[in-house]
């Protein structure tokens with residue numbers, strides 16, 4: 001499926017936009033980009049690619065601060081969804097937002113290094129690393145780089161504290177029962193975030209009960225705000241219509257990248 005455009009947390013299943021158009025390499029974001037916190041400070045943030053707790057096992061290139069940057073329409077859509085969820089005792093929590101091209105390049109380099117499987121047991125235990133491109137989990141372009149795609153989940157309020165991942169600690173498969181997976185203060189969605197497995201498909205029939213209800217609550221609430229789910233990843237949503245449907249940006253994830261930093 002390579003080269004193609006990734007619409008997932010790291011997936012390439014649904015090409016969209018013009019992958020031939022190069023990203024903008026400037027250090028500054030266009031004025032249409034904002035920090036999510038400036039639009040809605042109540043939305044929780046756990047920026048996974050700023051930390052080593054991800055499928056690569058280290059901080060990803062381009063993530064200079066643990067901040068969610070998005071186009072203004074996407075941020076406003078999340079704010080609208082958050083207002084509805086707060087009334088029901090939930091909050092959104094974002095894992096990833098705008099993702100620079102250099103971060104995607106980091107994923108590609110990692111995927112080609114078949115000897116580095118330090119995070120396999122948690123994030124892709126049932127997938128041979130040599131198939132990550134072929135199976136559509138990694139691609140050379142990501143919809144996140146266009147600025148209107150976000151990876152997120154639900155947290156029941158009041159939010160419980162979480163502990164940081166310690167590099168080298170024992171790992172548990174991302175599809176294991178909630179009590180066995182790495183502790184996360186989100187509701188049980190059936191898998192952890194960035195789980196390279198078919199159980200991550202939003203409507204997988206094996207996911208039932210509260211897990212399915214949580215996925216549907218997230219999907220229905222975000223759909224009402226104009227955010228469209230990627231069927232293969234319960235956590236992945238894109239605001240439509242995108243302000244930059246054909247452009248893949250490469251400015252760093254940092255307040256300094258914004259025209260109005262705060």
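Each Cβ is built from the backbone N, Cα and C atoms, and glycine gets one as well.
If you look up TrEMBL, you'll see 233 marked as active site, proton donor/acceptor. For residue 233 (active site, proton donor/acceptor), the Cβ neighbour count at a 10 Å cut-off comes to 24, with all displayed protein chains included.
Within 10 Å of the C-beta of residue 236 (Zn(2+) binding site) there are 30 other C-beta atoms, taking all protein chains into account. According to DSSP, residue 236 (Zn(2+) binding site) is assigned to a strand segment. The Zn(2+) binding site annotation in TrEMBL covers 144, 151, 236.
Among the features that TrEMBL reports, region 'Disordered' is placed at 1-32.
Residues or ranges marked as site 'Transition state stabilizer' by TrEMBL: 99. The Cβ of residue 99 (site 'Transition state stabilizer') has 30 other Cβ atoms within 10 Å, all protein chains considered.
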Under a three-state DSSP reduction, the secondary structure at residue 151 (Zn(2+) binding site) is strand
If you count the other CB atoms within 10 A of the CB of residue 151 (Zn(2+) binding site), including all protein chains displayed, you should get 26
Here the recorded positions are 144, 151, 233, 236, and the Cα closest to that of residue 99 (site 'Transition state stabilizer') is found at 144
Integer Å value for the Cα distance linking residue 144 (Zn(2+) binding site) with residue 233 (active site, proton donor/acceptor) is 14
Neighbouring CB atoms within 10 angstroms of the CB of residue 144 (Zn(2+) binding site), all protein chains considered, total 29
